[in-house]
């Protein structure tokens, strides 16, 4: 039993929490961060990073398999196999290296990491139960960064063959038949990876189409690709309950049926962890959607208590949490920091990838903008052709008249790297002429952004 | 087809040149006979120049603000049938060059739409450098946040500036470092909750036409004439009673009397006693011309500026006659319809701002006259009658005189005569010697 004090205590060392702690430490605030498991949160341990590792492995394997029977490039490979256990070890090594990296950054910034389960006693006091001790810490400012957990379906509780994304990242071997419940980005990223690793994948989506937050033009290339990979997409279909053979589902028109599956991956969403660690005892204001209500300084309804990341609402994205974490550190340090971001880019690492930033066409229309749209098909891109990746497009939305860029979207292989160009353009307040007037390197996929802007003025070169 | 030239007509007696105020037509326009081609300004009046033929405008004599000689080429038109002239030649190279330039520009814009090297600009497909339109007031309604890069927003936050109050001069109203600098330099820092936008920018207007005439005239008067101004208070209680009575009796058939015709009459009486006040001083010739006729200029505010229509022979007019003439001249002058004759020839001037008239003014003499009578506003004031304060209707006169030719003594005597007549209005109707 020990006691301590600090200026800032961060509860949860995910991307939001660790960035907040590091920035606070850099500024010179006496900072403590409390984490029960390895630092890095969902993103680093069971989210972005490991999933990208698995997707990379699946892509490599698929490329080689593809080469072994039908490569147009003339490459011949004999009967490739994959040892998924080794793949997972490789992935875990990356995760461990990054865990260690975060701890190193804490030390460098003078942040004290307390390993243990935090329990909020009041808005200024946190008790941490460590492996063999208990520590009560008094803090001037408290940052809640407890993140989110995979949401379970009542009819499909996790356990047995029903798994969440966490387990899906550590399977010893690819399932022979995988049912993915929920056609959102997590389900499709993992479903695509397992389809490439040889699983027979069925995606069950209740809405009209997969990735329903995007428009049909964006999701179409992803649907086509899943089809080519031999995956089945069942839209307007609900998962009922697991059966011996697999899973019973109910199609809105055709009625119930049974599909084969030795694993059922449930990716219907994530639940914010707002009842853990005694957060509910603070009686903070909760939004209608069930998140912790914050203002433009990430301050909650209780003075001195801040919240960042997934518990503050959609989009549940690591980079949003990171930006909030940095903001809170500055707010606590007394800087005049405010949340004033125009856009949060979002990437979906399916095949092809989807990247969006700013407003989608229907959102822009809803907000009353008179929108001009320019689109560049990657089929017209020399670079895309040389990558055997000519499906997809880059699209630009601008306000008619002012030319102000409202939204940028793209779908295509490796197109996620354009997220930077997209976000910079929108956050800087670019107009169409700004992007049109920037020389884009040839041959790259990024040229598509300039061409899409040319297209708005009806001056596309390569179409 | 032929070229027909219209010369600048003689718009007023003894005028050698006139200033071009505006063109009502442009090169390429088709005009009909009697259409107004343009407006020129003489000393006092704006004169519209009509077309004498029907045709298409091919050449204009100059720009608004230019001075054109009477009888010079004013405009050329392409007409059906034979013209009377060659197209304007060397005598007007500037205008010619301009016309050519316009033709070239026109040709350029009419060129087939070649793919331009210019990137896909929504707003400015033209390669011409264009002035960046200020779109500060243009608010893209659905987005509450102003358009500015993150570094600008950070600077603004740290400086305590609400970017919503900063005018962005960039494309789409984007706020740049310069805009923020200008805002801060202009003392734009504001307290919480106050929403006040700094006004920036300068509007430049050319001083042309009537305004230029006024400016020149004022400068001439004020720089050449050493003014002496006398302010005297007048008890107009009796005058007002008389006026009310006359209006009650005669207004329906003779029109309403204001105080001005009374003052004009007082002026006539005053001049009978002090003829030196009704004069024009030609300081270059060193001559004072004293006039028998009393032509009273009445300073009148018009949309274009100050004008001074003239009541001719006030000495021969009755009170109602004066009232009607003042009314008529004010209307024609405000409508811009006063003739040159109606705007020239005054020998003394009255200036009155009516209810705006203030307590005292320092009227500027209407050069080359030697005296001006300024009428200040009427108000009920307490006046000590030796035993008690009495409420009396009081009005001040502020009169300026050319001190080169009128001594203070004479000026004061003249003002006293006006005062006497206005305070005892019966005297107004007694001519000198009666």
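Using the three backbone atoms N, Cα and C, a Cβ is placed for every residue, glycine included.
Record features (TrEMBL):
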type     : residues                                                             : note
DOMAIN   : A:9-325                                                              : domain 'FAD/NAD(P)-binding'
DISULFID : A:43-A:48                                                            : disulfide bond
BINDING  : A:52, A:118, A:146, A:147, A:148, A:310, A:316, A:317, A:318, A:319  : FAD binding site
BINDING  : A:182, A:183, A:184, A:185, A:186, A:187, A:188, A:189, A:205, A:269 : NAD(+) binding site
DOMAIN   : A:344-452                                                            : domain 'Pyridine nucleotide-disulphide oxidoreductase dimerisation'
ACT_SITE : A:442                                                                : active site, proton acceptor
Between residue A:43 (disulfide bond) and residue A:318 (FAD binding site), find the distance joining the two CA atoms and give it rounded to the nearest Å.
7
Within 10 Å of each Cβ, count the other Cβ atoms and name the one among the binding-site residues A:182, A:184 with the highest count.
A:182
Intrachain C-beta neighbours of residue A:48 (disulfide bond), sequence separation six or more, cut-off 8 angstroms:
A:318
CA-CA, which of the recorded positions A:146, A:316, A:442 lies nearest residue A:186 (NAD(+) binding site)?
A:316
Given the recorded positions A:43, A:186, A:188, and counting only Cβ atoms in the protein chains shown, which has the most within 10 Å of its Cβ?
A:188
Counting Cβ atoms within 10 Å of each Cβ, the densest environment among the recorded positions A:52, A:442 belongs to A:52
Relative to the Cα of residue A:316 (FAD binding site), which of the binding-site residues A:182, A:184, A:188 has the closest Cα?
A:184
Return only the integer: C-alpha distance in Å from residue A:188 (NAD(+) binding site) to the residue listed as 'active site, proton acceptor'.
31
If you tally other C-beta atoms within 10 angstroms for each of the binding-site residues A:316, A:318, the top scorer is A:318
Work out the three-state DSSP category of residue A:182 (NAD(+) binding site).
coil
Consider each pair of residues in A:52, A:118, A:146, A:147, A:148, A:310, A:316, A:317, A:318, A:319, all listed by the record as binding FAD, and report the largest Cα separation in Å as a whole number.
30
List, in sequence order, the residues of the same chain other than A:182, A:183, A:184, A:185, A:186, A:187, A:188, A:189, A:205, A:269 whose Cβ lies within 8 Å of the centroid of the Cβ atoms of the recorded NAD(+) site.
A:180, A:191, A:203, A:210, A:211, A:267, A:268
Among the binding-site residues A:146, A:148, which residue has its Cβ surrounded by the fewest other Cβ atoms within 10 Å?
A:148
How would DSSP class residue A:43 (disulfide bond) in three states?
helix
